[in-house]
Amino acid sequence: KPLSSQGGGSAVIDMENMDDTSGSSFEDMGELHQRLREEEVDADAAAAEEEDGEFLGMKGFKGQLSRQVADQMWQAGKRQASRAFSLYANIDILRPYFDVEPAQVRSRLLESMIPVKMVNFPQKIAGELYGPLMLVFTLVAILLHGMKTSDTIIREGTLMGTAIGTCFGYWLGVSSFIYFLAYLCNAQITMLQMLALLGYGLFGHCIVLFITYNIHLHALFYLFWLLVGGLSTLRMVAVLVSRTVGPTQRLLLCGTLAALHMLFLLYLHFAYHKVVEGILDTLEGPNIPPMQRVPRDVPAALPAARLPATVLNATAKAVMVTLQSH
């Protein structure tokens, strides 16, 4: 109940009608502190997300750049490989080197055995590879025939592989070596011309080996070696002389070619050919155990008519000795 004042005009306060929410309480301060902490956590999370986004963006940019560089390198390599494959797979590039008539090949085979006399101006060399390639394969077949007839034993590899490696190795190797010497001696010849010149020079080797592999005569081989092999070598030497300037250069280049060409023919003949009948048996002699001779008593030769009587007398003597011993 309201209190009334008496005598003086003192104020009366009604405590029940006061609003208790007019001031800040402990709970309000706690809620405010919690709200501030949540706002700080949200701000930190937003800042972290922004930093992560920047890092991931830089990383993604670098990854995209590396992928683009790798893709460009792959495309460039693919274009080069396809260009090289199309270059070597195109048959039109090799067609000029094998586009030749059989009559031209026949005439060039005959010309390879005839030395030229005019060396004051460069002699013409065929710029095709059909004839030389066929001559190399012919030499392979002849050499294989000689290896089979001579009972040649290859420890590592096969007869076919040895023949192909020997013939093609000589053709390509000596052509490259002579071309290098020609470059040093300032001779006017290309690698294609050198291959054609040495390839047609093997025609003489084919003739000599085909004859001497079937006719085993030393004198015949040396005769063909000097005549046929010498003519083909002189042809190549004359062509090189006509394309080389200077006596020293000519001597070095032509002497090297002549020596290699003639020695190669000797090697093919004596390495894969049965020179003497039964030479392999002679070489394999130490592997065969020698015949052992056992000494024994052999009666003297007697006439055929007295042979039965001699046998009977010997038998009778053996029987008498046996009886006396008993």
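Including glycine, each Cβ sits where the backbone N, Cα and C put it.
Predicted automatically and left uncurated, TrEMBL annotations should be read as such.
Annotation comment: TrEMBL describes 1-10 as compositional bias 'Gly residues'.
The region 'Disordered' feature in TrEMBL is assigned to 1-30.
Long-range contacts of the transmembrane segment (129-147) within the same chain: residues 97-98, 100, 105, 108-109, 159-160, 162-164, 166-168, 171, 192, 195-196, 198-200, 202-203, 205-206, 209-210, 213, 268, 272-273, each at least 6 residues beyond the stretch ends and with a Cβ under 8 Å from a Cβ of the stretch. Feature annotation from TrEMBL assigns transmembrane segment to 129-147 (among others).
For 159-182 (among others), the entry in TrEMBL reads transmembrane segment.
Per TrEMBL, the feature transmembrane segment maps to 194-213 (among others).
The transmembrane segment feature in TrEMBL is assigned to 219-239 (among others).
Within the chain carrying the transmembrane segment (251-272), a Cβ under 8 angstroms from the stretch's Cβ atoms is held by residues 143, 146-147, 150, 152, 166, 170, 174, 177-178, 181-182, 185, 187, 198, 201, 204-205, 208-209, 212, 221, 225, 229-230, 232-233, 236-237, 240-241, 244, all 6 or more beyond its ends. Among the features that TrEMBL reports, transmembrane segment is placed at 251-272 (among others).
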